Every structure is written in C-alpha cells, then in structure tokens.
C-alpha cells in the first residue's frame, strides 16, 4: 500500500496504536483537530520505541513507514508492525475517538513446523551462571561450561527426534504439559519438539532428554528458559515471533512494536505535513518526555 493512496489508512493505524501504547501519555496524542484518539481493548498491545539518528531501526522489506511529529516539533519516520500492514484492509474514521478496522479476507494459517522452518540450521544460546546452553533447531542441545576458550564440561541434553515428536502428538493428552507455573493454561499455546538420546545420566543410567517448547513471543527468537524438571529431563522454552502468525498460538493481546527513527535536521525540512490529510496529521509525545517509558494498553 503506497503512502499517497493509503496515508489515511496507515496513519490511523498508528494513531490507534499510539493511543493504546502510551497509556500514561494518551492525552498527549491528538488529531489535527485537537481531539484525542480512544483506546480499543480488543486491539493488540503496542510498544513505541524511539531510535536516535546514530542508531536507527532497520525496517524489513515492505514495512510501511509513516511521518510523525513530536509535540516539540521533532520529526520521525515511524515503521508499523509488518503483520499489521499486511492484515489491515481499511480504516474508516467514524469520529475523533473511534476507528473501525475491516480485516483482510481470512487466509488459512501455516502449521507450526512450516512457520518454524526458517530456524533450520540455526543455533541459539543462553548463559546461566556456571552453564551455557546451545540449542540447534533440528540438531542438538548442549550444556557446557567454558573457561577462557576451553570447554571444561559438556553434556548433550538431546538430539532432535522426529519419531518421538510425532508420537508425542499422536498420544497427546491434557496431561502432556508439565505443571509449570509459567505455562499453566497455555498447553495449546506452545509447539513441542522432542530431543532424545543425550549424554547418559549418572543418576538414572538413562540418556538425557529435553522437551523444547516454542511459544509465540516478539520481537526476536531467544531461549527464554531452561529447567530440569526431573533428573536429567529438561524443558527448554524458545520465544518464536514467527509462531505468532498462527492464531492458535497468539496470546489474547499480542505486543507489537512501532519503531520511530529520528530524522536529521536537513531531512526534517523535507517533511511537509500539509501534504497529508488534516485528520491524519498526528502529534506524538517527545521521547525525552516519556523517560524511556514503555507503556502497554490495559
């Protein structure tokens, strides 16, 4: 969607997003008519991040950009969440406090393994005190202790087991998820891969094994936790933004980021607010006034 033809659409998305994101500063976000935007409890949560000139956000290909102005006159180029720009069809301002969003026609979502395929041949790391962990998608999980550049201790916590993973889903019951305080009532919100045949455990004389849980979470892929739930049996949780594209794994209110790059003074001179519809000229709070506040809609 081009800015000329879709400025009203995109800027009203940002307005709704900003009103939802900056809860404490919502009264500082206005249309050019001076009326504030209301918040819709059904909308996703938004987090607005401001980036200085010397450390700009690098947008993805096709990510929609929107010119914005702070209340002290600073100019920014703000980038909408990619998912939002792909799913919003039209936004019609009914009045100064309401926005109606018409969704694109429904498209059958990809299954989890299709979405996670992008992780193939990639490895991710986590450090926890004495131990460091390496998780390789469709590969191995290692637990190591390193001193300098030398590995002092190493255990393999499992290798990807396609057969065991298939059997897990064939035999899955409501009791299949471990009673984990962080995952209660979310048994349908993570996708499991099983890693088996790791280093033999001294306590059980059985190979170590790990259940890898992929959860919907933005903005990047990261190992969020690893726990030993019983002797030499582990649960490793991986935050996976690509999984959020499947509605089954979406939280009730997802958190999406709007990134705003500050413009150089010479670039600011090229921003012509008069070229935009008056109702689309939006004033946002200056980041200095937010004190790095990252607010979310309640």
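Just so it is clear, glycine is given a Cβ too, placed from its N, Cα and C backbone atoms.
Per Swiss-Prot, the features are:
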- 130, 131, 143, 202, 208, 228, 234: mannooligosaccharide derivative binding site (BINDING)
- 123-136: disulfide bond (DISULFID)
- 201-232: disulfide bond (DISULFID)
- 216-244: disulfide bond (DISULFID)
- 121-246: domain 'MRH' (DOMAIN)
- 95: N-linked glycosylation site (CARBOHYD)
- 171: N-linked glycosylation site (CARBOHYD)
- 197: N-linked glycosylation site (CARBOHYD)
- 1-25: signal peptide (SIGNAL)
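Using a 10 Å Cα-Cα cut-off from residue 197 (N-linked glycosylation site), none of the binding-site residues among 130, 131, 143, 234 qualify.
On its own chain, residue 232 (disulfide bond) has 198, 201, 203, 204, 206, 208, 209 as residues at least 6 apart in sequence with a Cβ closer than 8 Å to its own Cβ. Cβ contacts within 10 Å of residue 216 (disulfide bond), excluding its own Cβ and spanning all protein chains shown: 24.
Broken down by DSSP into helix, strand and coil, the domain 'MRH' (121-246) contains 14 helix, 63 strand, 49 coil. The shortest Cα-Cα distance between residue 131 (mannooligosaccharide derivative binding site) and any of the recorded positions 171, 216, 244 is the one to 216.
Of all the binding-site residues listed (202, 228), 202 has the fewest other CB atoms within 10 A of its CB. Other Cβ atoms within 10 Å of the Cβ of residue 197 (N-linked glycosylation site) number 15 in total over all chains. Every protein chain shown contributes to the tally, and the Cβ of residue 123 (disulfide bond) ends up with 13 other Cβ atoms within 10 Å.
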